[in-house]
């Protein structure tokens, strides 16, 4: 289990930023009340939407997953646009003062729209990669391919989309994310929680309860949503700025 | 803490493991005492025992003859069905209790008792004499004691082992190859006409194995051989029936046709699915038309295989006793099948048969429950709280109201009461057939707990110095222990290991990515390959309960792509060959060492081809088929011995030559390659490519530069997941016996045991050897600075084993009254015995430390 090292709270301590591997700092929300409110509403909205769609998801996985992609994309886009600093926007400026912050949003709406689009494209491209990863983790390969692809699309919108929105395509940053060494914030925390939740979601499948919801990929997607929300909350608050250490 | 003390604690823990296991096992599988000696007719007030309608018996067992094979509309038993319709045959479904494998079933059929679960082990260790029935009372012993004729036996030699020196004329067949559908039965059938002409026997046992083999090979529905085999068996039934109807010497002969157990839809047996526990039982004789007007035949389809009326398998013994005129065997818990009562028009005789049956069971019951002794109430029994007291009370009532004569108006009511009582007492005795010795269960667990504590002290420093690194290992140990309480996770254990292993391999990728020891592209490539290999291994053999028999690589894909199978097999041999040729036998020059390696590989390949040609001829294709065509004449046993001897010589040479020749050489690698060749030899052809996949995985993992704790974790996970990838599970039916007799001609229990273990634990043994190479590499790298690498590794593994053992024991104790105790938890306990004693103590501790010690000498 990855544990969190309290020693490396690098973001809070500016001195540690001198270490080359740990230059990155956690993402801060946009400094306005709207962003703060939306970021609290966002998980509630996601979970209640998921809860409402759950019966039809169990009954009819493919159409439900497919039809809920657009609403999910809208929720994520709104959340990203209203709460998160887009990549390329001067992170330092955002951090430095609240005065500039409000301006920033108004400054570059077209740039942010482009970032949103770019994030969508990368999420779409990452979907087959995530599906491949799911198959490596034991997803059925000869059957259920649409299920796996659609659940990967959901995973991509939950994790890849906000990550690309805030980090862009910075190779170094992405290597840090891939080795789970990025400082924890609500975006990265949500992504880690989402994957962990999806992995733990496989646990009830072998039980002999013979419930309809034990079928592929219901538990995985449920775990992913629950993990995402939990990871996001923990990342934005409890463990913010810390890093995951394995040794 | 001083390393010496740690080692001491570790040794203590490993000594305690077998003590805990054996103590717990002796409480969990209690040895069932049996009453010895042959039963005699008691002198009762009602006169001499009733006249028996038959004097000879032909007992025809068709292995795995499920009820619907005889009774359903799709059956090949057409003439048997017409006998059933005419009344000359009386059909039953005989319920077989779990474990549904041949030896315990024969014990139940012959003694009338319910054999203990320990017989499962004894079924595999077949030559064990304690499982013999030579000294027990059986209907065979009773028939022999009559001295009215000889005993003859043709078919499965399990009978010969159970009844040594019982039979006067025998021809035993053994089931070395399940691919043999015809020979094994022809060896029985060829004796039948001759014996039907002889009139010197009074008991003839026939045991046909072919139908079981067909089931194992392809399942009951898919195999095109199933219906023809049923017709063949039907032909034998009608041949015997003809003789009984026409020959004067056979006119009082009873033919019993039965299965020892059934099979599930995959063709396997051992568990307690309805298909496995419902064999057919038919009594056949022209005389039966006196008491039967016939049954509807073929019968209507029954989903649960309960055709006609269902009796217990143990009921066969007392029924034969009355029909053939001998006392009920002493340890019998069977009940006389009441359908046959009408053979005795004199009602006094009927009273006697049931009363003698009841008195005999009572003597077994009294040994267990004291309520049956002495006085007590005999009326208003329903008011008693305890079901045992209630039955004792009922019994006193039955004894008091024995009808004086057939004219007694209460006669029918009394017959009903005693039959009901017999059924109830049978049910009571079979449910308490296992009296757990709870104190032994507790002691066993306490010892396991002490072992866990002691190994925790030994592993303590390793764990606490790197708490985060070792947390996955601890988490695996704890969750595994807890998981043992959920029967579905026990049945589907493979999912846990696959799930954890994939995540761990992913974690290793992430961790190595941070270390940046390898370029991230190379690392990604190698990690993805490791994961892909793992994914293929998962799908190699569908195992567990829920999805057993679903399409997989070994049984579905390879049967359709034989050329691909043999290409993969060839590649596995070539990989092994090139490694041996380039790294082994260093004192010879390159050409000579290549020649030696090629000779070894050739011996192994030709054996494997010849073996597969016998075991699964349907797999042979293309070049493999051509190659086998050329070389016949050398027996399989000899071929296997050649391989084993050649491997032994190569191993001895490698070990010895490296001692005198000090240089940094890949001796340990060569030993690993030789061991791998042995493992390949002990694997089924369809599993051989898995070893190539593991070699690739090992090759890539070796470059990841893992720490000690990471190596131990990887080793544990891959040992377990490879076991399941090879098709292992926690069910008795998944034990693969096909390679158990390689190079063994007689019954050598040690050799067969070792070979069975090696062929079922192939993956784990491979990973033990591979782990040793990783540890040696680590030792080499640290330059001997890190002390006690192997002790630390073993301490971690021992911690897992004791934790798992404690979990299994606790689950078995807590859930001992649970419905699944015989079907899920008892087999699981046997498996964890094999894991802890075989894989842990012998392989990981024994073989592992020997290899590590050897490797240390050469460093």
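Glycine is no exception: its Cβ is also placed from the backbone N, Cα and C atoms.
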Transmembrane segment per TrEMBL - which of B:563-585, B:632-654: B:632-654
TrEMBL annotation of transmembrane segment - which of the ranges B:412-431, B:592-611 it falls on: B:592-611
The annotated transmembrane segment range in TrEMBL, which must be one of B:377-395, B:472-490: B:472-490
Intrachain residues whose Cβ lies under 8 Å of the transmembrane segment (B:519-537), provided they are six or more past its termini: 498, 501-502, 505-506, 508-509, 512-513, 553, 690, 693-694, 696-697, 700-701, 703-704, 721-722, 725
